[in-house]
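Only one structure is covered here, and it is reproduced in the block below.
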Amino acid sequence: MSSSITPSLIAADLFSVDGLVAVVTGGATGIGLMIVKALEENGAKVYIIGRRKEVLDKVAKEEAKHGNIIPLQGDASSKPDLERIVAHITKETGYINLLVANAGISGPDPVRITPSTTLSELQRDLWSLDPSIFAQTFSVNVGTAYFSIAAFLPLLDAGNHKGNVVQSSQAIITSSIGAFGRVPLAHYAYSASKAAVTHMTKQFATALTKYKIRFNILAPGLYPSEMTAGIVKSFEQLSPEERATRVSPLGREGNTEDMAGCILWLASKAGAWLSGNVVVSDGGKLSVTPSSY
């Protein structure tokens, strides 16, 4: 059956986020900031949530192209903070179309296994981890996403009723290629937490279908951020051949344009028929790494 409405195949229309209202947790640095800049520069109104007020204010002042980055100080792992922020947005705007749950931590230092590592040395390194640090990694990387989703569901539902954009409301959760790789790129706690948040998001995508709220997962490889600064710096002196092996087959880490392309696709009409998907942006790293993706 043909539609009486002629679809627009113009990229500027398909990938437009003009008029979209978004919330990005952990939006003041790293991948979160890349997402915020891409959305706001293309016409979205973006609330950014983070703990450091001075960093949030600096982003709003220096990075906003249209004055539509609104800083809201708060800890996305705190239920009282989330309730306060939701109340503020409800009063000011009344709805959102997109939640990007991006807040997270890297967790413990990786456990290194070299050709000379003995089993007793490995056991010592594994056993020495403070259980509270292991638990914190899950609490932040999984729990923060869970409670952010729960907190913003009413505003996402209101976005569907508002109908200011064609696509239905959506939550995008930042995971990692660490969720899929069998060679641990970080500590086991980090990789496991990202696998957990990935599966949880897929379950939300299934559970909330009747409410027309979509859920998708963004799984980045190596991007520059506060969290990865040391890793990125350590790769600077590598030869092109070494970079292709250790960083990605494309020989580089991700950049703002790479992340902007992902988020504009997912958040716009171009991605309106996506739900329960995992978008891997890693320069092909998982293609050359043992993985379960």
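Along the chain as shown, residues are numbered 1 onward.
Every residue, even glycine, has its Cβ placed from backbone N, Cα and C.
Listed in sequence order, the residues of the same chain lying 6 or more apart from Tyr190 (NADP(+) binding site) and placing their CB within less than 8 Å of its CB are Ser106, Gly107, Pro108, Thr137, Asn141, Ser176, Gly178. The NADP(+) binding site annotation in Swiss-Prot covers Ile31, Asn102, Tyr190, Lys194, Ser225, and the record cites similarity to another entry as its basis.
Taken from Swiss-Prot, the feature active site, proton donor covers Ser175, and the record attributes it to similarity to another entry. Take the CB of Ser175 (active site, proton donor) and look out to 10 A: across all protein chains shown you find 28 other CB atoms. In the three-state DSSP assignment, the secondary structure recorded for Ser175 (active site, proton donor) is coil.
According to Swiss-Prot, the feature active site, proton acceptor maps to Tyr190.
Residues annotated as active site, lowers pKa of active site Tyr in Swiss-Prot, with similarity to another entry given as evidence: Lys194. Reduced to three states, the DSSP call for Lys194 (NADP(+) binding site) is helix. Long-range C-beta contacts of Lys194 (NADP(+) binding site), restricted to its own chain and to partners at least six residues apart, with a cutoff below 8 Å, comprise Asn141, Ser175, Ser176, Gly178, Ala179, Ala219.
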